[in-house]
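S.K.: Before we start, here is the structure in question, set down as structure tokens.
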Amino acid sequence: MLQFILKRLMLAAIVALTVSFISFSLMFLSGDPAAALAGETASGEDIEAIRTLYGFDRPMLVQYWEWLGSALTGDLGQSYYFKLPVASLIADRLGVTMTLGLCGITFALLTAVPLGVAAAIRPNSFIDRLSLFMSVAGQAMPSFWFGLILIVVFSIKFGMLPPSGASTWKHFIMPTIVLGYYAMPAIMRLTRAGMLDVLSSDYIRTARAKGASEVRVLFKHGLRNAIIPVVSLAAVQMGFMLGGSIVVESIFALHGAGFLAWESIGRNDLPTVQALILVFAMFYIVFTFLADVLNAWLDPRMRSS
Amino acid sequence: MTEPLLNVRNLKLDIPVASGTLHAVRGIDFDLKRGETLCIVGESGSGKSLTSLALMGLLGKRIVRKADQMTFDGTELTTMSAKELRKLRGGRMSMIFQEPMTSLNPAYTIGDQLMEALLLHKPVGREAARARAIELLEKVGITAAESRLGQYPHQLSGGLRQRVMIAMALMCGPELIIADEPTTALDVTIQAQILRLLVDLIREMNMAMILITHDLGVVARVADKVAVMYAGELVETGPAADIFAKPCHPYTRGLLRCIPLPGKTERGSELGTIPGIVPSLVGEVSGCVFRTRCDYAADACRNAIPRHTEGAHTFRCIHPDGMRHAEEVPA
């Protein structure tokens, strides 16, 4: 198991390095950074001056090395727009995004897994059809529209929940539902399919033949095996929720990291965009790593491979 | 005579299918005393496995089970509550399946799965369960039993897994073991070993066994009683010695012709086959089910078929001796 974890860690480090290089190159792929910094009215000399000032004239690998070195010590550069260190800018905004992401995935898992299991126990029953309807609706409904509907109903009509902001836990209820509902269908369908497959397997029959109770058969012997692919999916969804909550953050005016990314792209604030891409990618890597470890714990066959 | 351990009368299993009802098992009777081995033989699809699952109460929800009587040690199984049945399953009667590769849960260690079988039924501690697991692993011929407890199924070969399955079935010291083709999925070299092991253990522990197989060679070695199943009916039942010495039903004789006997079957001579396939069992089934493949079929085979009984030996055929005289080689 320890060997497995070390192997995965090394793999994660390699992926992280690759991602950091790609996100660094973005600065150059998106045009001349010196020209972007200098603004539209700048003369050629101004641009050259800025180029030397920021060191854009040096070889790209040298710049990358320097950038990586400072990134590792927590220095992600200065925001062009805010004139503040990017690291502290992101740190300020990340709390909201993390809270939202964690709430979203928890909501998705807590609704999708039980529904998926229930649907698998009684295929084609009312609950199965209901869950299918919910997942189709969830997949078809754009989150900005669903978010607005929630605001209309719960904030405007009933006045139960605040429509925007992030100051209390109440502010997070609707964003959590919108974000979580988006991730729910895939988790639910995968749980259902996995559970159906597992429940028709021979070892489930063995468990019944041993005299195990139905609850034990379903959860100890069944769900443990059916949940393995769901773990990997949830990790990817979680990464997506942190980086991709831009729409939800804008609807509910939650000024998180997603919102910051959206703003910074509009302002051509490259160091901030670059750093955000790096941070979101690191989250993906961390969650994938955690999912791998969890899966290896759940499924002994993965440990040896 | 003592009360039989297992007594089954008129067991019927129906499966609803798109085109009607599939009468998979149609009114079979058999019984089994403590310590006896009953072999149920027949082709694939004859209803052998379904019958064993019906005894264990492990049929799918779709299959309808009906029986005039189905008692285990005097208790009726058909009217038993789910909870009482669970106590019986794995405790007093246990089952060994055909597929050792997939019958163990991949997520748990051998030790966990063995111990679970005991802990579900007996109020013993984990230490005692562990000791019992080691004892049984040694009994089924697994070396380094203690270190095996921490291994996962995927680390074991098919033969080893089936040994583990046998050990698991024995954990509670059951009175009845149902083994559904326990060696079919294994290498030929392992088959004999596993079977010998199973039979030795059954004798040693004085358990009753229902062995489902289509290998008549195996039957000849281990059976006290034989039940020949064809298309959901028991066409011939009786003590093993009688069945092999005087096989009456044409189907039984057909099966026996399919196995070569060293010394008896001439080198180069053709092995017997039974032409044709098992008839469809959807809808009403009447008369003799074997008539479409039988050499001696007559018009009367479409009607009700009489049962001929001689002691414990029973068969169903319109011919008083199943036309056995026609095949006997004059001495």
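Any Cβ shown, glycine's included, is placed from N, Cα and C.
Automatic, uncurated: that is what TrEMBL annotation is.
Bear in mind that the values here come from a model prediction, so they are computed numbers and not experimental data.
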S.K.: Among A:12-31, A:72-91, A:172-191, where does TrEMBL put the label transmembrane segment?
M.R.: A:172-191
S.K.: Hey, which bits of the same chain come close to the transmembrane segment (A:275-298), Cβ under 8 Å, at least six residues off its ends?
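M.R.: Same-chain contacts beyond the flanks: 1, 4-5, 8-9, 12, 15-16, 19-20, 23, 26, 71, 76-77, 86-87, 90, 94, 224-225, 227-228, 231-232, 234-236, 238-239, 242-243, 257, 260-261, 264.
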S.K.: Would you kindly list the residues that approach the transmembrane segment (A:226-255) from elsewhere in its chain, counting only those six or more residues past its ends and only Cβ-Cβ distances under 8 Å?
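M.R.: 93, 96-98, 100-101, 104-105, 108-109, 113, 117, 120, 143-144, 147-148, 151, 163-166, 171, 174-175, 178-179, 183, 186-187, 190-191, 194-195, 197-198, 261-262, 280, 283-284, 287-288, 290-292, 294-295, 298-299.
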